[in-house]
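To start, the structure itself, in structure tokens.
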Amino acid sequence: MSSLPLIDPTASNRPRRTRTNWIMLSVAILVAIVMASPFLLLVLNAFKTGADYSAHGPLAWPTTFTFDAFTSYLARVNFPLALWNSIFSSTIIAFAGTGLALLASYAIGIGRIRARTAVTAVLLIATMVPHEALIYPLFYGAQATKTLNTVWSIIIVFTILWAAYGTYILSSVMSTFPREVLEAAAIDGANRWRILWTVVFPIVRPTLTVLVVFIFIWSWNEFYIPLILLADPASQTVPIALSTLRGQHSIDITVVNAGSLLSLIPTLIFFLIFQRTITRGVTAGAVK
Amino acid sequence: MPSSTALTRRPIDRRASYWLYLLPLAAGFIIVVAAPFVMNVYTSLFHWKGGQAPMRWAGLENYIALFSDDTFWRSFQNTLAMIVAITVVPTIIGILLAALLFDYLGRRFGDKAIAVLRATYYVPQILPIAVAGFIWAWILDTQNGSINLALKGLGIMSPPDWLGNPDIAIYAVMLMLIWLQIGYPVVIFMSALQRVDPELYEAAELDGAGWWRRFQAITIPQIRPEIFVVVLTATIAALKVFAPILILTGGGPEESTTVPSYYAYRNFFELSRVGYGSTIATVMSIVIFVVATVMLVWQHRENRKELS
């Protein structure tokens, strides 16, 4: 990184760490601390007793470490079930959505079907439409198909919504695909279905991985549609289960903190595992 | 769904048979997006309490009512605040932070330190919004909030009532949203900077350009496509903000933090004015499509100008 030759007379061949450098670094670190401080406060207060919290406030170090708040949260919310609902639904949505996107983008990017520009525009609409404009009919649709209050309602909805976004990304990747490779495979007698899986799939796999990871996170965090479609606690995902604590004024703030902490741990673990993929993926939509 | 070999051999059907691959998504799109959206528009033409209640034809009455609805205009005004908090401020801070990390600190303190800082900025982005909302509702609390306790510790005896004062609540919400959003532009801009040719910076340095000059003349123009993407996606997100409002303020106090999506939600599920809620949702969609189209067309033109 530090190989740029600097001609500035005050600098040596390698950029020297001046006082300004350290000040700038401090600024960047300070921003990081500000960004992280809500989490630090959360951890600090999730292990306190309610009495300790009311006596010393949120900024004090706990007098004793206790798991009371966690036990109390687990008594109110069936967290293992919510965790399972989240894992189950997000996993299916991630793979099904990416699969649908792969098929559709094959038609648009490689098949170059007529009206592909119009199709892409329609898909963009799907990713932009506010969920408010869909929710009431979706609610009745879920009721009619008996999927209301089951994770299948959100699985169906989000598989399609994210597949539309994925198709948009993937078809632009595929439209740059070298035609000769496809033609060579066709001459070897491979039909379309085989070309998709033996030629195209291996090449777009890195992008597919990014999509799976992202759709998983987005589905996990979705709030509005699950809030409406999953009113029954047995079907709720982690964020929705947590939000049922809203408005329960009798509840200890330490319990809310413990619940929040429990709810963000899976996300954090996922983030640590897939950090590279995620950084790569954030930019996938921005790269043209 | 294997495409039949018989079809591939007939030249006329060559393109057509690819439609089979689009079919599953197209069917899903009609069921999950198109049909519900059309029904929403249809419902917006009725007075309807929802459920089994009778639907009374209203024509454009809901739309006319919307025009003279103060709460709706208030919510629209608040959308502008959301755009400031989600698009304007994070994009500007994001560019500065990305340039600081990549161009300035990266060269002197190494990639590892930079990666850790970047990851820390990004974490709020992957957090379930329900969790983020809870944390902030508690941090901003008037009595026991960390911010106010810290302010009291600094000797400010009557710190602001962040979420309870109608004049301040919107700023408190904005603060939270800025925190939530910043990581996104930072990550995108940093990766954009990686494709900038280092020789550009070298040449500028040779010419004696300082950091600020290089930032203006190289960094900003070079990452313009990414700036555009961030502005577009963030603006659409700002027009749709819902969960932070529901969890932090419930639109209050005195409707000072109501946004259109939250107002639609209230009409649907609290006020039983489903027709009116659909009207709000329809207008929201139109605004989003118009804004997105205008921005895309504008970007298209800019790109052309650059090429010619």
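Here the Cβ of each residue, glycine as well, is placed from N, Cα and C on the backbone.
Quick look at what TrEMBL annotates:
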{"type": "TRANSMEM", "residues": "A:21-44", "note": "transmembrane segment"}
{"type": "TRANSMEM", "residues": "A:82-106", "note": "transmembrane segment"}
{"type": "DOMAIN", "residues": "A:87-274", "note": "domain 'ABC transmembrane type-1'"}
{"type": "TRANSMEM", "residues": "A:118-139", "note": "transmembrane segment"}
{"type": "TRANSMEM", "residues": "A:151-174", "note": "transmembrane segment"}
{"type": "TRANSMEM", "residues": "A:195-217", "note": "transmembrane segment"}
{"type": "TRANSMEM", "residues": "A:254-274", "note": "transmembrane segment"}
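Using a Cβ-Cβ cut-off under 8 Å and counting only residues 6 or more beyond its ends in the same chain, the transmembrane segment (A:195-217) has close neighbours at 90-91, 93-95, 97-98, 101-103, 106, 110, 158, 162, 166, 169-170, 173-174, 177, 181-182, 185-186, 267, 270, 274, 277-278, 280-281, 284.
Counting residues 6+ beyond its ends, the transmembrane segment (A:118-139) has Cβ neighbours under 8 Å at 108, 148, 153, 157, 160-161, 164-165, 167-168, 171, 224-225, 228-229 in the same chain. Nonlocal intrachain contacts for the transmembrane segment (A:82-106), taken as residues 6+ away from its ends with a CB within less than 8 angstroms of a stretch CB, comprise 151, 154-155, 158-160, 162-167, 169-171, 173-174, 196, 200-201, 204, 208, 211-213, 215-217, 219-220, 235-238, 240-241, 266. Same-chain neighbours of the transmembrane segment (A:151-174): 85, 88-89, 92-94, 96-102, 104-106, 108-110, 116, 120, 123-124, 126-127, 138, 142, 200, 204, 207-208, 211, 215, 218-219, 222, 225-226, 229-230, 235, 237, 284-285, 288, counting only residues six or more beyond its ends whose CB sits under 8 Å from a CB of the stretch.
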